[in-house]
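A.B. asks: Handing you this structure, nothing more for now.
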Amino acid sequence: MNTLVNILFILVPLLLSVAYLTYFERKVLAAIQLRHGPSVVGPFGLLQPFADAIKLLIKEPIIPFRASTILFIMAPMLTFILALIAWAVIPFGAEVIVENGQQVIIPKVIANINVGVLYVLAISSLGVYGVIIAGWSSNSNYAFLGAIRSAAQMISYEVSIGLIVAAVVITTGTLNLGEMVVAKHNMPFWVDLLLMPIGIIFFISLLAETNRHPFDLPEAEAELVSGYNVEYSSMPFALFFLGEYANMILASAMMTIFFLGGWYPPLEFSLLYKIPGLIWFVLKIVILLFIFIWIRATIPRYRYDQLMRLGWKVFLPISVLWVILISGVLLFTGNLPGSNV
């Protein structure tokens with residue numbers, strides 16, 4: 001029963017967050033472009049996400065004549081479900097209890113497993129299958145080309161993401177996401193400075209991994225007419241749409257855990273610790289989501305060759321070099337977990 005309550009406690013706010021992220025994006029883009037944005041449905045346009053959802057619900061789903069029906073329907077469901085189940089291991093706070101006279105920090109998470117990092121990486125890697133299935137089953141040249149682009153792009157940047165996460169794991173000595181946040185919080189400040197350059201690379205790689213601007217080549221409107229989801233309408237299209245925004249929130253949560261201190265306040269002031277950790281966690285995610293949208297409004301789209309060159313010839317060598325550098329520095333200074341055993 002407690003597990004079900006925890007799942008609902010995560011799932012319901014997450015679905016509402018995904019819905020209102022679309023509203024937030026339209027409002028931010030409108031402000032940057034000196035427009036009003038959604039302002040008709042409800043006060044300040046706050047009911048616009050529900051109006052969009054109702055519109056998509058009552059529209060008729062159209063399946064192309066030559067499409068593989070089962071795979072065509074399964075692809076958006078797979079994409080959306082994978083974006084949600086990754087949250088099972090994301091810690092959004094912690095509580096401190098006393099056992100045998102010692103303080104023990106217990107993360108607030110649905111499944112506090114010791115291989116949480118591997119779980120998140122595995123689930124995020126599976127997302128490419130939904131895109132590939134959608135492109136192939138649509139029997140459309142535009143959709144298939146968009147799916148191939150997406151697969152190549154996601155696989156290319158997953159290599160850098162994996163190496164950067166490996167550097168964080170080496171630094172903290174754990175694959176448990178909650179323990180990782182606590183370990184990073186207790187480390188010297190210079191370790192955070194050492195991780196900062198690859199933190200920037202990690203965030204840029206997340207833009208490519210989530211197919212967001214300026215790396216949204218799989219759904220380049222001018223070339224591929226929306227890309228891999230061009231044949232979708234009604235709720236199947238909405239599931240792809242929600243999956244993309246759910247992945248944005250998940251990517252921001254991963255960035256927060258790996259590099260921004262998770263639920264801890266940014267500065268060591270006792271006054272800041274009176275604010276609940278959940279508030280800090282959500283605030284950091286919102287700031288990162290704003291940066292996602294800000295980048296979309298200001299930076300032009302990369303060419304495909306530039307995208308591949310950046311991933312393989314720039315990010316990959318830097319990531320490999322930084323893993324070696326961090327390991328050497330931590331070993332030399334005696335801060336490498338397990339080096340003094």
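First residue shown is number 1, and so on along the chain.
Cβ atoms are placed via backbone N, Cα and C, with glycine included.
Below are the features I grabbed from Swiss-Prot:
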- 4-24: transmembrane segment (TRANSMEM)
- 38-58: transmembrane segment (TRANSMEM)
- 70-90: transmembrane segment (TRANSMEM)
- 115-135: transmembrane segment (TRANSMEM)
- 161-181: transmembrane segment (TRANSMEM)
- 187-207: transmembrane segment (TRANSMEM)
- 239-259: transmembrane segment (TRANSMEM)
- 275-295: transmembrane segment (TRANSMEM)
- 314-334: transmembrane segment (TRANSMEM)
A.B. asks: Does the transmembrane segment (38-58) come near the transmembrane segment (70-90), with 3+ Cβ pairs under 8 Å (pairs 6 or more apart)?
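C.D. replies: In this chain the transmembrane segment (38-58) does not contact the transmembrane segment (70-90) - fewer than 3 Cβ pairs sit under 8 Å.
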A.B. asks: Among 4-24, 115-135, 314-334, which stretch has the most Cβ pairs under 8 Å to the transmembrane segment (70-90)?
C.D. replies: 115-135
A.B. asks: Run the contact check on the transmembrane segment (275-295) against the transmembrane segment (314-334): 3 or more C-beta pairs under 8 Å, excluding pairs closer than 6 in sequence.
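C.D. replies: No, the stretches stay apart by this measure.
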A.B. asks: Could you check whether the transmembrane segment (187-207) packs against the transmembrane segment (4-24) - three or more CB pairs closer than 8 Å, residues at least 6 apart in sequence?
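C.D. replies: The answer is no, given that the two segments have fewer than 3 Cβ pairs within the 8 Å cut-off.
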A.B. asks: Which of 4-24, 239-259, 314-334 has the most Cβ pairs closer than 8 Å to the transmembrane segment (115-135)?
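C.D. replies: Of the candidates 4-24, 239-259, 314-334, 239-259 scores highest.
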A.B. asks: What else in the chain is close to the transmembrane segment (314-334), if you only count residues 6 or more beyond its ends and a Cβ gap under 8 Å?
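C.D. replies: Those are 157, 159-160, 163-164, 166-167, 170-171, 191, 194-195, 197-198, 201, 204-205, 340, in sequence order.
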A.B. asks: Give residue numbers and ranges for long-range contacts of the transmembrane segment (239-259): same chain, 6 or more residues beyond its ends, CB-CB under 8 A.
C.D. replies: 14-15, 17-19, 21-22, 76-77, 79-80, 82-84, 86-87, 90-92, 120, 124, 127, 130, 134, 164-165, 168, 177, 180-181, 192, 195-196, 199, 202-203, 206, 209-212, 229, 232, 281, 284-285, 288-289, 292
